[in-house]
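A.B. asks: Pasting a structure below so you can have a look.
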Amino acid sequence: MTKIYFVQFIILFCTVISSDKVNPLFMDSIESDNVKEVVKFLNQGVDVHAHEDYALKYSSFKCNLELVKVLISHGANIHSDRDLALHYAAQQGCFEVVKYLIKNGANVNARQNSALIRACDSHHYEMIKYLIDKGANIHAKNNFCLRNSVLHHKWEIFTYLMNNGADINADNGAALFIAASDNDISAIIMLNAYNADMCIDNCKALLSAAHLGNLDTVKYYTSHSICDTKNELKALTYAYNNNQYHVFDYLLSKSNINSKI
């Protein structure tokens, strides 16, 4: 769990335990994963919906499938706070909880497909496949999952996403731009193999590489004649203006550019 997620959840928890609407002993039993005590309180009529079904959210966050089942069987609202329980379960990698929540009606596309986004962020391949199979939008956040798989070299995920309709050129070729900016040749080769538009947005990827001094990327572009001479001349200018003289010298040595200067 990242620090930011942990801090957010602690703030929420502190808000809950200070609320007059929450039975503190019930919350203690939830926090300590004491299923027997939780059932006892529920049978005594404790409000399972207190603080927007916080008990279900907390149990989902903790990957406690048994408690999640108990709470839902006692009427917990699976859609509370825009299906936040599903978001937490996906965020924490709680695959079995995710499957149970969806089986019981959770909206897989709630919170702008946050469940899929969190699964992609943690590179949880099986969860990604499951969520997409259940209708999650593969194009969420301008194909975030595809960009993330390229950035982190998760090629199994990348291949699955491409085979299921992800847009390799989404967001003006953001995946390619990231790879070129990082001088990530293996990613560039993979994107080219899957027919990415290598010249998208006026060869932005090449110009970024020249600006940053990423010689390997510049060499890949020129050796494969990906961009026209006009854009290679632009790259030459970018390199010179940003003191990337190793890139400038390389581009200057290219006969097709030299003849145009």
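Note that Cβ sites are derived from N, Cα and C of the backbone, with glycine treated the same way.
Pulled from Swiss-Prot, these are the listed features:
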- 21-50: repeat 'ANK 1' (REPEAT)
- 51-80: repeat 'ANK 2' (REPEAT)
- 81-110: repeat 'ANK 3' (REPEAT)
- 112-140: repeat 'ANK 4' (REPEAT)
- 142-170: repeat 'ANK 5' (REPEAT)
- 171-203: repeat 'ANK 6' (REPEAT)
- 231-259: repeat 'ANK 7' (REPEAT)
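Describe the structural surroundings of these features, if you would.
C.D. replies: Taken together, the residues of the repeat 'ANK 1' (21-50) have an average pLDDT of 91.
Among residues of the same chain six or more beyond the repeat 'ANK 4' (112-140), those with a C-beta under 8 A of the stretch's C-beta atoms are 83, 86-87, 89-91, 93, 95, 98-99, 102, 148-149, 152, 154, 156-157, 160-161, 164-167, 170.
Remote same-chain partners of the repeat 'ANK 5' (142-170), defined as residues 6 or more beyond its termini with a Cβ less than 8 Å from a stretch Cβ, comprise 116-117, 120-121, 123, 125, 128-129, 132, 176, 178-179, 182, 186-187, 190-191, 194-197, 200.
Sequence-remote contacts of a segment are chain residues at least 6 beyond its ends whose Cβ falls under 8 Å from one of its Cβ atoms, and for the repeat 'ANK 6' (171-203) they are 142-143, 146-147, 150-151, 153, 155, 158, 162, 209, 212, 214-217, 220-221, 224, 226-227, 231, 234-235.
For the repeat 'ANK 7' (231-259), the number of residues in each DSSP class (helix H, G, I; strand E, B; coil) is 24 helix, 0 strand, 5 coil.
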A.B. asks: State the residues, same chain only, that lie 6 or more residues beyond the ends of the repeat 'ANK 7' (231-259) and have a CB under 8 A from a CB inside it; answer 'none' if no residue qualifies.
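C.D. replies: Hits for the repeat 'ANK 7' (231-259): 199, 202-203, 206-207, 209-215, 218-219, 221-222.
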